[in-house]
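Input: a single structure, listed below in structure tokens.
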Amino acid sequence: MVPNKHLLLIILSFSTACGQTTPTTAVEKNKTQAIYQEYFKYRVCSASTTGELFRFDLDRTCPSTEDKVHKEGILLVYKKNIVPYIFKVRRYKKITTSVRIFNGWTREGVAITNKWELSRAVPKYEIDIMDKTYQCHNCMQIEVNGMLNSYYDRDGNNKTVDLKPVDGLTGAITRYISQPKVFADPGWLWGTYRTRTTVNCEIVDMFARSADPYTYFVTALGDTVEVSPFCDVDNSCPNATDVLSVQIDLNHTVVDYGNRATSQQHKKRIFAHTLDYSVSWEAVNKSASVCSMVFWKSFQRAIQTEHDLTYHFIANEITAGFSTVKEPLANFTSDYNCLMTHINTTLEDKIARVNNTHTPNGTAEYYQTEGGMILVWQPLIAIELEEAMLEATTSPVTPSAPTSSSRSKRAIRSIRDVSAGSENNVFLSQIQYAYDKLRQSINNVLEELAITWCREQVRQTMVWYEIAKINPTSVMTAIYGKPVSRKALGDVISVTECINVDQSSVSIHKSLKTENNDICYSRPPVTFKFVNSSQLFKGQLGARNEILLSESLVENCHQNAETFFTAKNETYHFKNYVHVETLPVNNISTLDTFLALNLTFIENIDFKAVELYSSGERKLANVFDLETMFREYNYYAQSISGLRKDFDNSQRNNRDRIIQDFSEILADLGSIGKVIVNVASGAFSLFGGIVTGILNFIKNPLGGMFTFLLIGAVIILVILLVRRTNNMSQAPIRMIYPDVEKSKSTVTPMEPETIKQILLGMHNMQQEAYKKKEEQRAARPSIFRQAAETFLRKRSGYKQISTEDKIV
């Protein structure tokens, strides 16, 4: 047993460096350091069955290249462009907001009980004003059910107002609005409702995206416009319909808000009008703005192998091959004109790099793979081989042939000279034989090189496949170059990304003991938090800083047990399942398992996962930018002020609040209280329904007109009754006898005393008659008594006696 202080610890190192054999550049050092730090982050890796599925291609065979024609050259690969066309758009719309406010008896009783919001497109003549002066009219007209309704901001008059910028959350979206506050002032009369109107003009400058085949586009706020951004070029702009109309302005002016006086820009612009908004964008040339293909990779030295029906292209930099038909693409320069500038520039740069050893052998050729990728193939030929061919086609017996002539001229002259004698024919045959042997030797070398590359890749795939059976996680991590999680699903592997936890929240426990004295943890327990989370989770420290979401790694406790666990740049030393000390990782020697080959002229072929599209391209491939959409919408919705009360508060100011308060008072009465509450609630609901029905009847146009007529008739009737009452009080005799004044000339009035005697006698006579009627009414039995007596008499067989005499 070696003492602890002399214990030699060796940690396995999977370094891929080659020592002093291959110098490492600064870029490679930075890249290696980035990967190293990524490996030493605390992370949680799950083995979800919903991850990406992969399998190893074990059926790949290396094609037989015997007696095949091999050519070397420069290969450019272009892939389908999945990134949408991104361009600037400007959206215009007017928004009318109508709110209904209830003015309660107190200041706290003011509440908004309802809200309506409508948006409409802006007409073209007003868009011109908005783009030139950033002004608009604060009114709008909306046709609803065949009726044209006019809305004015603040319930006022039509005015020209200024648009001002609004702070946004993202720099890609800029808003200009005319009214930032919602008009929600209550009426002056208590207990009444009032409807307030707000009209807001809005301009939004943002980006839009359109994917191939460019038949529609989506704005950054989520608006979808079913118009091609290049509809002016391909004449696909739709005609005016009920849903969408398009206008093209050949000389439209759009000014910058900060430089409104000097930033005049007159450009061709397209306008699309929908029901809710209008949107415009600058008309551009489609061929100069978008391209269906995009550059992927270039290979300085590639090999083209000719088979019976296809061409095979391979290169040392990639573990994949390309297969195409022999027929090159027709009309490539016209169909893919957008690629020609990049192709010519790239080929010139590649040719310049090998200008000392190779020269172009013909023009560039264009092929298309079965997967839709475009291959640009520029054949190359070694300078020595070209010189040998030129010498072979040049006659040595023709002194007049200039050395600076072209190859075609020398070939023609050599043919003429060869026909002069058999000596030249023998000489030319010798040169041709030497050239054929040289070409065959070069082809054999290229053939062996191609087969070697292919076999090496097949063997590496088989090795990875067998290792994956032992530890798939390590295999996929090595292939991806970053920590991933895997799960074997039969013959395929499910790969998911690991989730980095909050690095500062990870706490490694100092004890490996459990509540059971005989059971101990085989890996240190840890507690941690996820990013943007406050909840603590428990787990165990796994290999290479992975956190396992379980505490099931246990073992029987052993006496004098000693373990070492590495986390980030530190090693934790446990003795008897208790933490003793923390050592730096650098203090522990490494066991380097990499065997360096000190041959600088041999290139290393690494197994790499071919990534056709980067993560950035896949992210941009979606025309919906959901992150920007939701962030901007939430920020804009929260920044609008003016709504001082919510709808929950409005429920406390209506008639139901009385029932709620009444039920709270009678809650302690038990079932009796429930009965009282139900009766009161039914009564209030009944009267509430009656009142609601009356109000709805009044709201109806016919009912409202009838109500106004009824109110007018009642007012007229009241006026007539008041006048009649006044006349009765002023001249009662004249009201009873209208013709009394006409008899003044023929009738002599009586003395006042006599008239008073007559009136007093009439009053006494009326009172005596009234008293007799009251006495008779009092002596008469009540209705209930009469009904009871009638029932009893009929029951005993009695009948009512007739009060009239019968005439016989």
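Just so you know, glycine gets a Cβ as well, placed from its N, Cα and C.
What Swiss-Prot records for this protein:
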CARBOHYD  Asn30  N-linked glycosylation site
CARBOHYD  Asn158  N-linked glycosylation site
CARBOHYD  Asn239  N-linked glycosylation site
CARBOHYD  Asn251  N-linked glycosylation site
CARBOHYD  Asn285  N-linked glycosylation site
CARBOHYD  Asn331  N-linked glycosylation site
CARBOHYD  Asn344  N-linked glycosylation site
CARBOHYD  Asn355  N-linked glycosylation site
CARBOHYD  Asn361  N-linked glycosylation site
CARBOHYD  Asn569  N-linked glycosylation site
CARBOHYD  Asn587  N-linked glycosylation site
CARBOHYD  Asn598  N-linked glycosylation site
REGION    101-107  region 'Involved in fusion and/or binding to host membrane'
REGION    187-195  region 'Involved in fusion and/or binding to host membrane'
REGION    647-699  region 'Hydrophobic membrane proximal region'
REGION    658-698  region 'Hydrophobic membrane proximal region'
TOPO_DOM  20-701  topological domain 'Virion surface'
TOPO_DOM  723-808  topological domain 'Intravirion'
TRANSMEM  702-722  transmembrane segment
Could you work out which of the glycosylation sites (Asn344, Asn587) has its C-beta surrounded by the smallest number of other C-beta atoms within 10 A? Asn587
Please report the DSSP secondary structure of Asn251 (N-linked glycosylation site), reduced to three states. strand
Around the C-beta of Asn355 (N-linked glycosylation site), how many further C-beta atoms are within 10 angstroms, looking at every protein chain? 11
With DSSP as the reference, give the number of residues of the topological domain 'Intravirion' (723-808) in helix, strand and coil. 59 helix, 0 strand, 27 coil
Quick one: among the glycosylation sites Asn158, Asn331, Asn361, which has the most Cβ atoms sitting within 10 Å of its own Cβ? Asn361
For Asn569 (N-linked glycosylation site), what is the tally of other C-beta atoms lying within 10 angstroms of its C-beta? 10
Reduced to three DSSP states, the region 'Involved in fusion and/or binding to host membrane' (187-195) has 0 helix, 3 strand, 6 coil
Return only the integer: C-alpha distance in Å from Asn361 (N-linked glycosylation site) to Asn587 (N-linked glycosylation site). 59
If you measure Asn251 (N-linked glycosylation site) to Asn285 (N-linked glycosylation site) at Cα, how many Å is it? 16
Can you check how the pLDDT averages out over the topological domain 'Intravirion' (723-808)? 76
Glycosylation sites Asn158, Asn355, Asn587 vs Asn331 (N-linked glycosylation site), shortest C-alpha separation belongs to Asn355
Assigned element (helix, strand, coil) containing Asn587 (N-linked glycosylation site), judged by DSSP: helix
From the Cα of Asn355 (N-linked glycosylation site) across to the Cα of Asn344 (N-linked glycosylation site), what is the distance in angstrom? 16
